[in-house]
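According to TrEMBL:
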{"type": "BINDING", "residues": "29-36, 146-149, Ile175, 183-186", "note": "ATP binding site"}
{"type": "ACT_SITE", "residues": "His36", "note": "active site, proton donor"}
{"type": "BINDING", "residues": "Gln60, Gln152", "note": "(R)-pantoate binding site"}
{"type": "BINDING", "residues": "Gln60", "note": "beta-alanine binding site"}
Amino acid sequence: MMLVKTKKELFEKLQMLREKGSIGFVPTMGALHRGHLSLVDFAARENPVVVVSIFVNPTQFNDPDDLKRYPRDLEADLELLKTTGCNLVFAPEAAEMYPEPDTRKFDFGHLEQVMEGKHRPGHFNGVAQVVSKFFEIVQPDRAYFGQKDFQQLAVVKMLVRLLNLPVEIVACPIIREKSGLAMSSRNELLSPEERENASLIFDILSQAKNLTGEKSVEGLVNWVIENINKNPFLNVEYFEVVDSENLQPVKTWEEKGEKTGCIAVHCGKVRLIDNIVLN
Ligand SMILES: Nc1ncnc2c1ncn2[C@@H]1O[C@H](COP(=O)(O)OP(=O)(O)OP(=O)(O)O)[C@@H](O)[C@H]1O
Ligand SMILES: CC(C)(CO)[C@@H](O)C(=O)[O-]
Ligand code: BAL
């Protein structure tokens, strides 16, 4: 496994690696856990070459404290990646990715106006800026994203359509801790007590999945919010039931198509997200 920090080094290494066949790309912000490693495993199964990027992208943080606190540990990340099928790690500095300020404004319409987009203004524009740069630099055949960031997946798929990019976006399932809590780099910022209580989020989402027969959509939304907020460590920012494809709000269970319940919860200073398919 090789580590490169500049685009020049990356181009040189990729020129050699590309001869082996297709490139699978896994973009991350580091502080790696089993969720990230599962994306690398999917990529390695489907491509002879796997590239992982580690970059805490400043343009997608709407909250400067969140950016400052975001966990970083390149040494530990490299140790973990050594145990996987990753061939090349790209860990650039901010100036390498943004030699000029990126002033591009993307329009994802409804996809960026709800849930994460509504509560983190500018977030998806920053994600689109950095992901489009990575796609241009790495030119992957396939790119792997986790379903934990459900809305991000929809935005990245639209980005690829908007820019006509020849990259296949592969969605990978959510990896959870034994307690059910979705793995996340931000979990490291939770105290042991907060972490224990945060497992209630998936517990309630799983129960909600079994209640769609007896509660209306609105009734279920209120039930989820009330039951999570009963826990003194947790405070729900939103819980919404949306169409899995277009993220339009779902009003009744009779509507066609797959429905996903998406949630953001504050636990102490940490903001956690999760989601579950409800039908
Ligand atoms: N538990 C998980 N299961 C599957 N994929 C995951 C999981 N956690 C993160 N990913 C995916 O890994 C990629 C990189 O995510 P990122 O580096 O932001 O990690 P993260 O754990 O989501 O961190 P945070 O949520 O604290 O930002 C994204 O595609 C994300 O969806
Ligand atoms: C895709 C991504 C690496 C872009 O910075 C980030 O949003 C993430 O880790 O999900
Ligand atoms: N996993 C999404 C990256 C972020 O929270 O900014």
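Cβ atoms here come from the backbone N, Cα and C positions, even for glycine.
No curator has checked TrEMBL annotations; they are predicted automatically.
Model, not experiment: these values are computed from the prediction.
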Please go through the recorded positions Met29, Leu32, His36, Gln147, Ile175, Ser185 one by one and keep those whose C-beta falls under 6 A from any atom of ligand 2; give the result in sequence order. Met29
Which one is it: of the binding-site residues Gly35, Ile175, Ser185, whose Cα lies the shortest distance from the Cα of Gln60 ((R)-pantoate binding site)? Ser185
Applying a 10 Å Cβ distance cut-off over all chains shown, what neighbour count does Met29 (ATP binding site) have? 18
When you measure from each Cβ to the nearest atom of ligand 1, which of the recorded positions Met29, Leu32, Gly35, His36, Ile175, Ser185 fall under 6 angstroms? Met29, Gly35, His36, Ile175, Ser185
For Ser185 (ATP binding site), what residues in its own chain, 6 or more apart in sequence, show a Cβ-Cβ distance under 8 Å? Met29, Gly30, Ala31, Leu32, His33, Tyr70, Pro71
Is any of Leu32, Gly35, Gln60, Gln147, Ile175, Ser185 (binding-site residues) within Cβ reach of ligand 3, i.e. under 6 A, and which? Gln60
Over all shown protein chains, what is the count of other CB atoms within 10 A of the CB belonging to Gln60 ((R)-pantoate binding site)? 21
Distance check against His36 (active site, proton donor) for the binding-site residues Gln147, Gln152, Ile175, keeping those with Cα within 10 Å: Ile175
Around the Cβ of Gln152 ((R)-pantoate binding site), the count of other Cβ atoms that are within 10 Å: 22
In sequence order, which same-chain residues at least six apart have a C-beta under 8 angstroms from Gly35 (ATP binding site)? Gly146, Lys148, Ile174, Ile175, Ala182, Met183, Ser184
For the binding-site residues Leu32, Ile175, which one has its C-beta crowded by the most other C-beta atoms within 10 angstroms? Leu32
Around the Cβ of Gln147 (ATP binding site), the count of other Cβ atoms that are within 10 Å: 18
For Ile175 (ATP binding site), the three-state DSSP class is coil
